[in-house]
Amino acid sequence: ILWGCSLWFWWETLWIPANCTWADLEDHDDIVFPKPYQLCATIPYAFVLLMVRFLIERYIAIPLAKALGIKNVTRVKPQPNAVLENYFRKCTKQPSQSEIQGLAKKCNWTVRLVEKWFRRRRNLELPTMLRKFQEACHFLNISELRLTNCSFFAWFCLPQKPWFYDIWQVWVGYPFQSLLSSQYWYYMAEISFYWSLLFTLGTDIKRKDFMAHVVHHLAAIVLMACSWCGNYVRIGTLVMIVHDTADFWLESAKMFNYARWEKTCNVLFVIFSVVFFITRIILFPFWILRGTIYLPCYYSSTIVIAYFTFNGQLLILQGLHLYWGYFVLKILNKFLFIKVTSVRNYYLSFENEQVNRQKNERKGEEPNLSMPYQDK
């Protein structure tokens with residue numbers, strides 16, 4: 001069965017055009033092609049990244065957090081109680097009033113003590129500010145490394161390549177396109193990074209978009225691995241460049257938010273929002289997806305099955321981009337447009353007060369010196 005599945009998986013019709021075979025993609029005449037077995041190296045690299053993460057969180061994040069005034073708050077543990085602990089884990093973390101009364105009778109406690117126990121138990125589940133800062137510091141360092149690799153790759157390795165500027169050139173000569181050494185290391189680093197994220201999903205801070213992150217990481221690994229096997233490396237490189245430019249700014253904004261540097265956080269988040277919408281809402285659908293959905297039809301009369309697989313994964317990523325873009329707009333509306341409205345109301349109130357004062361002075365009345373914004 002396994003042998004049959006392997007034969008079906010590597011069926012040439014799934015991956016490469018009809019006019020070539022896997023034997024044609026063997027290295028020859030200084031032309032190097034990506035090989036599937038090379039992806040096995042990403043697992044050890046992922047564990048190396050986990051070790052790097054441990055060192056960053058312990059020896060960089062904690063001293064930096066202390067320097068910025070972020071303290072590790074020690075939360076009070078609730079009194080050990082097997083009945084309440086079992087109910088907390090298996091039933092609900094926020095019981096209703098009737099459930100609390102039933103638990104109080106069962107434990108021979110007062111209702112107030114049971115409410116206090118659940119409140120303290122829920123607080124233990126919440127990550128501390130220091131824990132959030134440590135995670136953001138790790139992601140910032142990794143994102144900075146990815147941004148550096150992306151910048152180096154985009155500015156030093158690809159300027160002489162016509163397919164970096166002209167999306168039509170991505171499919172010229174496919175599948176007989178030689179692999180660059182810089183592409184090899186770029187792919188290894190990216191896939192290893194997403195493997196490390198999957199390995200730590202159980203211990204990372206749980207957020208509202210947890211399932212979206214799981215789908216994103218799995219889609220990214222499958223997409224990069226399949227593009228490597230099918231030698232879709234050129235378009236895969238462009239996809240990674242588009243995705244690597246925004247994360248650095250988001251993690252920087254998180255770190256300064258935890259340190260309560262509000263203005264710096266807002267500036268960095270605005271930069272992140274601009275980069276996010278340019279790369280993932282504009283460039284990705286109108287440049288990358290155009291190059292993967294529309295252009296291959298001009299270079300091949302027979303569309304392979306991998307065409308639908310890759311484009312399906314890319315469309316999933318675009319759906320996640322729209323999902324996260326909605327939340328980015330909500331945050332921008334909170335701290336940007338609401339503040340602008342508050343400032344505008346402030347000046348309108350001030351102008352109205354000035355007008356009322358002038359009217360009162362004309363009537364000979366005592367001017368009212370109280371400002372409507374003083375209470376705020």
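Cβ coordinates come from backbone N, Cα and C, glycine included.
TrEMBL labels come from automatic prediction, so no person has curated them.
Database features, via TrEMBL:
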type	residues	note
DNA_BIND	86-123	DNA-binding region
DOMAIN	84-122	domain 'Homeobox'
DOMAIN	132-337	domain 'TLC'
SIGNAL	1-23	signal peptide
TRANSMEM	36-56	transmembrane segment
TRANSMEM	184-202	transmembrane segment
TRANSMEM	214-233	transmembrane segment
TRANSMEM	265-288	transmembrane segment
TRANSMEM	308-329	transmembrane segment
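Residues 34, 38-39, 41-43, 45-50, 53, 142, 145-146, 149, 153, 210, 213-214, 217-218, 220-221, 224-225, 228, 233, 236-237, 240, 244 of the same chain sit 6 or more residues outside the transmembrane segment (184-202) yet have a Cβ under 8 Å from a Cβ within it.
Here the transmembrane segment (36-56) has long-range neighbours at 137-138, 141-142, 184, 188-189, 191-193, 195-196, 199-200, 225, 228-229, meaning same-chain residues at least 6 beyond its ends whose C-beta is under 8 angstroms from one of its own. Under DSSP, the residues of the domain 'Homeobox' (84-122) split into helix, strand and coil as follows: 30 helix, 0 strand, 9 coil.
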